[in-house]
Amino acid sequence: MNEPLDYLANASDFPDYAAAFGNCTDENIPLKMHYLPVIYGIIFLVGFPGNAVVISTYIFKMRPWKSSTIIMLNLACTDLLYLTSLPFLIHYYASGENWIFGDFMCKFIRFSFHFNLYSSILFLTCFSIFRYCVIIHPMSCFSIHKTRCAVVACAVVWIISLVAVIPMTFLITSTNRTNRSACLDLTSSDELNTIKWYNLILTATTFCLPLVIVTLCYTTIIHTLTHGLQTDSCLKQKARRLTILLLLAFYVCFLPFHILRVIRIESRLLSISCSIENQIHEAYIVSRPLAALNTFGNLLLYVVVSDNFQQAVCSTVRCKVSGNLEQAKKISYSNNP
């Protein structure tokens, strides 16, 4: 009995199923060309100056620094670094997936994109743990208020993110396809078996575990504040806003991306029709900018976390605008004596 050979022979009679063994044509190039550059462009144009203002505000205006201030500053830095990778990806997808920046930059941009994505997730998790300790166990966790604890926690987050994402530099590379140099996404690379297990471990440790921690932290916080007889109404309102922002970030921005990335990789390993595989790929493409949309939510988070942040931002912007006006007046005066 030659059942495997007969199966392959029969499969070859149906182009869709024959293609499912790795020869499916990517029919989603128009979606990548028109959807990804536009969404990434909007995110960059809003997020980059927004996070630059946030960082300037935290460094020059926010005093004294608290543990939450240090975590938020690190979060803003990682969001800014994350956003710097978007112009390269915008150019890549807008040009029909033609990578012109070389193999090193391909690895670096893909690494930077994922490194800062997971740093952002872990900083949000770290912030949630600190909030939980301050509200639920204020006396036993008194030392967590010290900035030294926040500095150590942030250093640990950077190290974990680096260790988690550095294998990606070996799995991602630029390759020549149809006279074009392509910088492949993790799910489109060739080392499928290695990528499958790496992706599962990466997703479990740097997303699923933080998701559970953040959910438990904020459900406990809300339950405690709701049933607390002497809890200040302002504190309750602030906790609710933080809960909504954090859970929206994890369940709306990060969750669809990670679920569809797992499904996308599995679809390349399974014997399914090309039409189904392309539909899965299309859904995965749509989910990718959702992860970047988290940078919008973080801009709101900075305002909710600190009562003085909004005033400090206004002060920073006013100083910048007045400085530019003063410089313009000097230039105008020097040109017209």
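For all residues, glycine too, the Cβ spot is worked out from N, Cα and C.
It should be emphasised that the depicted structure is a prediction, and the values quoted were computed from it without experimental measurement.
Listed in Swiss-Prot for this protein:
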TOPO_DOM  1-34  topological domain 'Extracellular'
CARBOHYD  Asn10  N-linked glycosylation site
CARBOHYD  Asn23  N-linked glycosylation site
TRANSMEM  35-55  transmembrane segment
TOPO_DOM  56-69  topological domain 'Cytoplasmic'
TRANSMEM  70-90  transmembrane segment
TOPO_DOM  91-116  topological domain 'Extracellular'
DISULFID  Cys106-Cys183  disulfide bond
TRANSMEM  117-137  transmembrane segment
TOPO_DOM  138-151  topological domain 'Cytoplasmic'
TRANSMEM  152-172  transmembrane segment
TOPO_DOM  173-201  topological domain 'Extracellular'
CARBOHYD  Asn176  N-linked glycosylation site
CARBOHYD  Asn179  N-linked glycosylation site
TRANSMEM  202-222  transmembrane segment
TOPO_DOM  223-242  topological domain 'Cytoplasmic'
TRANSMEM  243-263  transmembrane segment
TOPO_DOM  264-284  topological domain 'Extracellular'
TRANSMEM  285-305  transmembrane segment
TOPO_DOM  306-337  topological domain 'Cytoplasmic'
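This view paints the features noted in Swiss-Prot onto the structure.
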residue: Cys106; record: disulfide bond; Cβ neighbours (10 Å): 22
residue: Asn176; record: N-linked glycosylation site; Cβ neighbours (10 Å): 9
residue: Asn179; record: N-linked glycosylation site; Cβ neighbours (10 Å): 6
residue: Cys183; record: disulfide bond; Cβ neighbours (10 Å): 24
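Between the transmembrane segment (70-90) and the transmembrane segment (202-222) there are fewer than 3 Cβ pairs closer than 8 Å, counting only pairs 6 or more residues apart in sequence, which means the two stretches are not in contact.
Beyond the ends of the topological domain 'Extracellular' (91-116), by six or more residues, the same chain brings 29, 32-33, 36-37, 40, 78-79, 81-82, 84-85, 161-162, 165-166, 168-169, 172-174, 180-183, 185-186 to within a C-beta distance below 8 angstroms of the stretch. Beyond its flanks by at least six residues, the transmembrane segment (35-55) meets 72-73, 76-77, 79-80, 83-84, 86-87, 89-90, 93-94, 285-286, 288-289, 292-293, 295-296, 298-299, 302, 313, 316-317 of its own chain at Cβ-Cβ distances under 8 Å. If you measure from the Cα atom of Asn179 (N-linked glycosylation site) to that of Cys106 (disulfide bond), you get 17 Å.
For the topological domain 'Extracellular' (1-34), the predicted model reports an average pLDDT of 52. When the topological domain 'Extracellular' (173-201) is classified with DSSP, helix, strand and coil residues number 13 helix, 8 strand, 8 coil. Long-range contacts of the topological domain 'Extracellular' (173-201) within the same chain, counting only residues at least 6 positions beyond its ends with a Cβ under 8 Å from a Cβ of the stretch, are 92, 96-103, 106-107, 109-110, 114, 167, 261-262, 264-266, 268-269, 284.
Put simply, Asn176 (N-linked glycosylation site) is 9 Å from Cys183 (disulfide bond) when counted between their Cα atoms.
Rounded to a whole number, the distance between the Cα atoms of Cys106 (disulfide bond) and Asn176 (N-linked glycosylation site) is 13 Å. Secondary structure at Cys106 (disulfide bond), as computed by DSSP, is helix.
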